[in-house]
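Accompanying notes for the structure given below.
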């Protein structure tokens, strides 16, 4: 009798994806972030569902309903902070996951990579709309500033912005539709994540050496299931440390003030995970140029596979490219810092230089360095 795990139509899919899946024997902890992102998504959907049971998406009661969740609902405070800090953990895992893909050349799996880029955009949109829901000062002004960027689109811009707002400013209609989208998008993300995995399992995982691992595979279970469980425990440990000891560390104090259209906060800034893109947006004096740079700062990932000039897939044996990669990481940290600073000297100049360097590394320096390394191999 054959094992039901291998014959049952549903169990078979799970078996081929998480149990009998042949995996390279040498994948490191950098390959843990896919499963961690899955756990983050499940956690966000679970906590979000319980928050939605008590939240009201009306401008007059939204702020009070969040206060009510924290004060009156049983364990409402922990659900709310797990959801807010869960988003931060989600983005930390996302950035590390994308960074891993860049370092080890995983972008050569073009379908998986492109679905991943769509996932990144969708998660960013979801997080942005979620930030608007508590209807604090930063929620309101963040929504106003970011949606207003669309007015830079020639000819249809102004009409488009008012269509998204559902009126002449960010108001009741905007909040209601943002809540509706924020609720539905995580389920779309789940579907996209399955497509992401489907494409990945067509080719199999990459590995740190960047070479084929067809001759050296091990079953996913128990080897990588136990490794993933360790990663999940660490993730939960860090998340609960944040939630229970410093829940507001990554938030903005301005969001504890109810939204007031008549009073603009001195420094409008998004959540920390958008600051690098926000810094790139602000470093260009032209509105349309800034919006284009903002979109391209993420969309540039789509052309990375076409800029791969190296004879090797991974950066493991390419010290010059490694230096550039870590320079890029440092540059993104500088951009994140600049995004949270006021628009004044010297921050403007630093932001402009960091933005130029960001595009320079990805578009010019990395492909050139790869060619130099190819020639060094001949020596």
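Placement of Cβ uses the backbone N, Cα and C atoms for every residue, glycine included.
Annotated features, as they stand in Swiss-Prot:
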- 33-53: transmembrane segment (TRANSMEM)
- 77-98: transmembrane segment (TRANSMEM)
- 83, 182: heme b b562 binding site (BINDING)
- 97, 196: heme b b566 binding site (BINDING)
- 113-133: transmembrane segment (TRANSMEM)
- 178-198: transmembrane segment (TRANSMEM)
- 201: ubiquinone binding site (BINDING)
- 226-246: transmembrane segment (TRANSMEM)
- 288-308: transmembrane segment (TRANSMEM)
- 320-340: transmembrane segment (TRANSMEM)
- 347-367: transmembrane segment (TRANSMEM)
Under 8 Å by Cβ from the residue listed as 'ubiquinone binding site', counting only residues of that chain that are 6 or more apart: 16, 17, 21
Protein Cβ atoms within 10 Å of residue 182 (heme b b562 binding site), excluding its own: 21
Other parts of the chain folded back onto the transmembrane segment (77-98), taken as Cβ under 8 Å at six or more residues beyond its ends: 30, 33-34, 36-37, 40-41, 43-44, 47-48, 50-51, 66, 69-71, 116, 120, 123, 127, 130, 235, 238-240, 242-244, 247, 250-251, 271-273, 301
Segment proximity, the transmembrane segment (113-133) to the transmembrane segment (178-198), 3 or more C-beta pairs under 8 Å: yes
Distal contacts, the transmembrane segment (347-367) - CB-CB under 8 A, six or more residues away: 279-280, 282-284, 293, 296-297, 300, 304, 307-309, 321, 324-325, 327-328, 331-332, 334-335, 338-339, 341
Cβ-based contact of the transmembrane segment (226-246) with the transmembrane segment (320-340), 3 or more pairs under 8 Å: no
Collapsed DSSP category at residue 83 (heme b b562 binding site): helix
Top Cβ-contact partner of the transmembrane segment (113-133) among 33-53, 288-308, 320-340 (pairs under 8 Å): 288-308
Separation of alpha carbons, residue 97 (heme b b566 binding site) and residue 83 (heme b b562 binding site) (Å): 20
Integer Cα-Cα distance in angstrom, residue 196 (heme b b566 binding site) to residue 182 (heme b b562 binding site): 21
Cα-Cα distance linking residue 97 (heme b b566 binding site) and residue 182 (heme b b562 binding site), given in Å to the nearest integer: 23
